[in-house]
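Beneath this line is the structure, given in structure tokens, with notes to follow.
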Amino acid sequence: MPSASKNFRLQSKYVFLTYPKCSSQRDDLFQFLWEKLTPFLIFFLGVASELHQDGTTHYHALIQLDKKPCIRDPSFFDFEGNHPNIQPARNSKQVLDYISKDGDIKTRGDFRDHKVSPRKSDARWRTIIQTATSKEEYLDMIKEEFPHEWATKLQWLEYSANKLFPPQPEQYVSPFTESDLRCHEDLHNWRETHLYHDEGRTGVRHPSLYICGPTRTGKTTWARSLGRHNYWNGTIDFTNYDEHATYNIIDDIPFKFVPLWKQLIGCQSDFTVNPKYGKKKKIKGGIPSIILCNPDEDWMLSMTSQQKDYFEDNCVTHYMCDGETFFARESSSH
């Protein structure tokens with residue numbers, strides 16, 4: 001007998017039960033269910049047996065009530081030590097066809113052809129999508145509300161779950177050691193003061209860092225070697241945003257294609273983003289960004305004077321000199 005569950009609640013006039021590997025007699029189970037549900041004005045009951053290949057017997061039951069129950073005890077339907085799987089019957093005709101496929105079924109009462117309307121079904125799906133907070137919870141809610149879809153379309157449901165709740169990517173590990181790289185004194189000061197700062201200092205908005213320089217000089221390699229970060233190249237998508245990162249990297253993305261640039265550059269906290277194929281979410285933020293670009297896509301050339309004012313107030317700007325590189329060894333070519 002399962003332990004009591006505070007979360008269990010059955011409020012459906014149409015119920016589908018399955019008793020796996022049950023050694024009881026079908027007629028005894030039938031009589032038990034009919035008497036148990038009489039207070040709820042039962043008007044149809046069907047109990048069918050199914051012989052599995054392993055030689056065990058499963059019993060299925062379709063229950064139709066005239067009065068909606070509110071059952072909080074998960075052991076309510078337990079019979080002779082057998083606990084059933086309990087599901088709302090979304091489509092009574094479909095359930096009846098399924099349980100009677102072997103022909104061994106006992107019924108009583110007048111069957112009603114019932115199924116959830118498409119509008120109500122859409123509303124249930126919408127609720128699941130809007131309220132689930134993780135992939136596991138999303139799939140569990142579907143299994144509870146739509147067991148048939150869960151059993152027959154799990155592969156597609158997992159695909160949608162991964163879109164809504166994408167797995168966190170593996171943390172980047174730099175292939176270079178600290179001795180392989182070097183940086184300008186200004187960048188060293190920014191790193192030590194604003195990136196490797198004392199985390200106990202709260203309420204401080206640290207400036208971001210803007211580096212504009214030629215290709216193949218090690219800008220990306222150096223930036224990615226500094227610690228745990230979010231990395232965006234080509235486009236910004238918050239789907240896999242890492243809340244535990246200590247900084248962001250915006251690499252080779254033109255200024256006009258950077259959404260929420262003030263929030264990212266200004267080290268702002270608690271702002272709402274809209275990931276691709278996902279639902280809006282609030283991210284903690286509060287971390288600086290490193291912007292990397294080549295001279296042909298210098299952000300300053302695309303900004304208005306007001307945008308430049310905000311940018312310069314919230315960002316340390318570094319234009320690389322001729323011959324400047326982030327590699328300490330000439331043999332490096334990344």
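Positions of Cβ are set from backbone N, Cα and C atoms, glycine also.
Per Swiss-Prot, domain 'CRESS-DNA virus Rep endonuclease' is recorded for 9-111. The motif 'RCR-1' annotation in Swiss-Prot covers 16-19. What Swiss-Prot lists as divalent metal cation binding site is E50, H58, H60, D102, and the listing cites sequence analysis. What Swiss-Prot lists as motif 'RCR-3' is 98-101, and the listing cites sequence analysis. The annotation region 'Oligomerization' is assigned in Swiss-Prot to 160-172. As annotated by Swiss-Prot, ATP binding site applies to G213, P214, T215, R216, T217, G218, K219, T220. Swiss-Prot lists 236-254 with the feature region 'Transactivation'. The motif 'Nuclear localization signal' annotation in Swiss-Prot covers 276-286.
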Quick one: pull the CA-CA distance for G218 (ATP binding site) versus H58 (divalent metal cation binding site), whole Å only. 66
Entry from the binding-site residues list T215, T217, T220 having the most other CB atoms no farther than 10 A: T220
Across the motif 'RCR-1' (16-19), the model's average pLDDT, rounded to a whole number, is 93
Residue from G213, P214, T215, K219, T220 whose C-alpha is spatially nearest that of H60 (divalent metal cation binding site), among the binding-site residues: T220
Non-local residues, at least 6 beyond the ends, that sit with Cβ under 8 Å of the motif 'Nuclear localization signal' (276-286): 129-130, 163-164, 166, 205, 237-239, 241, 243, 263, 267-270
Counting only residues 6+ apart in the same chain, whose Cβ is under 8 Å from the Cβ of D102 (divalent metal cation binding site)? A48, S49, E50, L51
When neighbour density is defined as the number of other C-beta atoms within 10 angstroms of a residue's C-beta, which of the binding-site residues H60, R216 has the lowest density? R216
Validating a neighbour-count step here. Other CB atoms within 10 A of the CB of K219 (ATP binding site): how many? 26
